[in-house]
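Feature list (source: TrEMBL):
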- 75-97: transmembrane segment (TRANSMEM)
- 103-122: transmembrane segment (TRANSMEM)
- 157-178: transmembrane segment (TRANSMEM)
- 223-244: transmembrane segment (TRANSMEM)
- 278-300: transmembrane segment (TRANSMEM)
- 320-339: transmembrane segment (TRANSMEM)
- 360-383: transmembrane segment (TRANSMEM)
- 389-410: transmembrane segment (TRANSMEM)
- 422-442: transmembrane segment (TRANSMEM)
- 448-470: transmembrane segment (TRANSMEM)
Amino acid sequence: MIDIIKSQIPDWPEWATELLITMSGLLVVTYLISKLVTPPDEEEEEAKDAKSKMKIHEQHEKLHGEYNVFRRKYLTVYLIIMLADWMQGTHMYTLYLSYNVNISALFLTGFLSGAIFAPFLGSAVDKFGRKRSCIVYCVLEIIINILEHYSDFTTLIIGRILGGISTNLLFSAFESWMTTQHRYLGFPESWLQTTYSEMSIGNGTMAILAGIVAQLLEDKFGHIGPFQGAVALTALALVLILGWEENYGEAKEGDHESSSLYNQFKEGWKATLEDSKIWRIGLTQALSEGAMYTFVFMWVPTLLDMNPPGGVPTGCVFSSLMIAITMGGMMFPVANSIVLKILSKFTKNHSASSELTASLIYILASICMSIPAACLSTATSTGNCFTKILISFVIVEFSVGLFNPVAGTLRSKYVPDNLQGGILNIFRLPLNAVVVAGTYATDVLPTSQVYMIVSACFMGAGLLQATMIVDASKKGGVMNGKKND
């Protein structure tokens, strides 16, 4: 059977073909496990007698049907915009290379733009509306991808500046709209985990699909093809967003009309600096995602430098790593359920399960990144080292698939609804700083030392997250903009 499958796959090195086949098989197994191990809903567990169970079951089914409609409406848009985003990311480097421009300057401009606009942009999201901000994101992305058609360096710089703005909107406006609307419609908090898990699964799936679609568009239209496809997808998302309801950053209905942009900005910073749980969540995100983005910059040159047999088919390896992310998203509910069972043996208070799960995931990622750090500094056998490093890369991407939904769950738990846009963008300040520092480190430090730094960042995120376990057990988080005391 394996020989038949191999015969249908392009002429890749044997190790790469086996990696992709193995990951595809594991994806099927993971899917089956995730369907078999599904935690029961708390609402139905709480009912004692048959009559109460029946009534609660009917109410639950009706609410769940409404939730499914809402979730599909949001996820459809989310998956479209992530597909468009991945299609750009997979071919941006080759496009700029064909233009013969300063690629590092363009990428650095995008990061700096994101850092400069982050402190103010989130407050605007809360003040003027999350739906409107999502629409602005789509318009900006269409403009940016049109600008990519021109090889003029100044035009491309303008595109990267706008890209810094749109990236901040992508990672704040959409999530803020979803969590606030989820609560406005009265859905249980525990169902947010389902949405975040499916976002992680969908993100990995769109990344796999983006590599294929982008390659087909490039073959037909040249290097600019994927960006033309992104324009069409973003326009589709824009049309779908028009059907969303608007929501704002407001403690009480109508507050957005009287609250000034300056007040939103001030309150966001005040809440972040005064509440240690909020800034710890932000710093945890900066360390973990900063480490992740640094790893993304490094995995291709690391494997190429090791010169494995037959070379490195980056597309094949990329797809395998994205499968790992998808698997992580599928396994998050299972992992969280296991942590809950462990906690139940020691305490009846399960409010710290997400914090404990997140801490364990970050520590796992740290251990994975210590493997290439150790191998590249001491290895004498390149082949043995290559296998170990490749496996560590797969596991760290699996960890990424796990910590994406748990990080989203924790942000929704601790960040007040009325300040979500502003605070989520404040989080991106230290994140951009870590990414810039990590990118710079790849140019001035040995590869093994950079991986050690990445490992330390993940470990720091894990330990910082662990400090919140006791707090969560005592007080809980923030729900609907109010502290759960």
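From the backbone N, Cα and C atoms, a Cβ is placed for every residue, glycine too.
Worth saying up front: this structure is predicted, and the values here are computed from it rather than measured.
Contact between the transmembrane segment (75-97) and the transmembrane segment (157-178) is present: at least three CB pairs lie under 8 Å, with pairs separated by 6 or more positions in sequence. In this chain, the transmembrane segment (103-122) lies close to the transmembrane segment (422-442): three or more C-beta pairs between them fall below 8 angstroms, excluding pairs fewer than 6 positions apart. Counted over residue pairs 6 or more apart, the CB atoms of the transmembrane segment (157-178) and the transmembrane segment (320-339) come under 8 Å in fewer than three pairs, which marks the two as apart. The stretch in closest packing with the transmembrane segment (278-300), judged by the count of Cβ pairs under 8 Å and taken from 320-339, 389-410, 422-442, 448-470, is 422-442.
Packing against the transmembrane segment (422-442) from elsewhere in the chain are residues 107-108, 111-112, 114-115, 118-123, 125-126, 168, 171-172, 175-176, 249, 264-265, 267-269, 271-272, 278, 281-283, 285-287, 289-291, 293-294, 297-298, 411, 415-416, 449-450, 453-454, 457: each is 6 or more residues past its ends and has a CB under 8 Å from a CB in it. Sequence-remote contacts of a segment are chain residues at least 6 beyond its ends whose Cβ falls under 8 Å from one of its Cβ atoms, and for the transmembrane segment (389-410) they are 15, 19, 23, 175, 192-193, 196-197, 199-201, 203-204, 281, 284-285, 288, 292, 295, 299, 302-303, 306, 320-322, 324-332, 335-336, 354-355, 357-358, 361-362, 364-365, 368-369, 371-372, 375-376, 477. Within the chain carrying the transmembrane segment (448-470), a Cβ under 8 angstroms from the stretch's Cβ atoms is held by residues 277, 280-281, 283-285, 287-288, 290-291, 294-295, 298, 352, 355-356, 358-363, 365-370, 372-377, 434, 438, 441-442, all 6 or more beyond its ends.
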